[in-house]
Each structure stands twice: as C-alpha cells, then as structure tokens.
Amino acid sequence: MRTGPLFDPSFRDGLDALFQWRRDVRHFRKDPIDEETVARLLACADLAPSVGNSQPWRFVRVDDGARRGVIIDDFTRCNAAARALQPEERQDAYARLKLEGLREAPLQLAVFCDEATDQGHGLGQATMPETRRYSVVMAIHTLWLAARARGLGVGWVSVLDPQTVTAALDVPAEWAFVAYLCIGWPREEHPIPELERLGWQSRRPHPVVRR
C-alpha cells in the first residue's frame, strides 16, 4: 500500500520547470519577505541530505546595516582584484557584469559549515571530511529551489574574502565560510542564465564518462 505522495507526470514536469527557471539572481526588488516564508525556506534547507545526518550547515541572517556595509566594502575590494586577474581583453566585459545584489536584496544569509559538530558522530567523514561542506552546499541548493518555487530569487556571492566575512559576523572559529546568499523578489525572470545572455559563458552539454 502506498504511504508516500504520488509524484505523477504533472509533478515531474513542474519539477523540471523549477530546475530550468532556477537562476542566480542579481537584480532584486526591495520588497520585504514575510517572516513565515523565511522560516519555511530555512525549514526546507534542513531537509537536505548530509553526511552521517550531521546537518553541519549554519545560517547567519545578516540584518545589521553596518555588517552589511563591511560585506559590500569587501566585495568591492575583492571584485577589483578579480577583474585585474582577467586577461586584458576580458576586463571590460567583467566590469559590466553585476555579480551581487548586496544593496537590494532584503534577505541576506551567510552560510557556514560547522567543522567541529559532533552530530553524526563522524560517520562518513574520516576519509572525506570535505563531505561536511558538500552537505552544506546541498542545503543551499535545497533552499534555493524552495525559494524559487515561491517566486523568490537567490544570488550566491562568492567574490568575498572568507576571513573578512567570518570576522564581520563574529562567528565561532570552527565555522568555515561557504556562501553568502542574497534573496529577494527578482526584477525579471528568465530560463537562460544571465552570464549566457551577456555572452560571458554559455552552458555546455554534460559529458558522461563510462568505464
């Protein structure tokens, strides 16, 4: 006797559409997100798989204006350095990219991995401790899909110095910085990645290696 939900063709089609329309969003409206929705997103993230059921993700909600200012300043510094690393012929194209929504996104989450957690009792981590951080990324992706299903957009800001973020948010030393997420109502929706539309990088078919 079936006890779980029925994932019928209609559901699968909707799920496929969710994957296609999940975008890395940089352009947000400033409309607030209600607290019930925020709580639901974090609850969905907690449903993600994790090595040894360790749930090592730690979400820090960044509301304080001064702390957000530190993040913006750090992005500005890191982005200038990253642009300088590009070949000269690509630097102007890089400068035209909008790589963050730090000034617009109403909800901002810094995501860390608790490298000292005893939850899970180390199961599956002895030979591959990096699976803890992989687990955090799974939680981020789960939250991302949950947000998109509710009409929200998510932008992952990676042009940041982890030590600066960790210090600015005053988190335990055992927490390793993984991601800074900007979340809000997108100004536009598109099934094609912005970097592809701007000519920076198109998607490529995924090769499958068989042995």
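Residue 1 is the first one shown; counting continues down the chain.
Each residue, glycine too, has its Cβ placed from N, Cα and C.
Residues Arg22, Arg23, Asp24, Val25, Arg26, Ser50, Leu99 are given by Swiss-Prot as FMN binders; from Ser10, Ser158, that same site also lists Ser158. The most densely surrounded of the binding-site residues Ser50, Ser158 is Ser50 (count of other Cβ atoms within 10 A of its Cβ).
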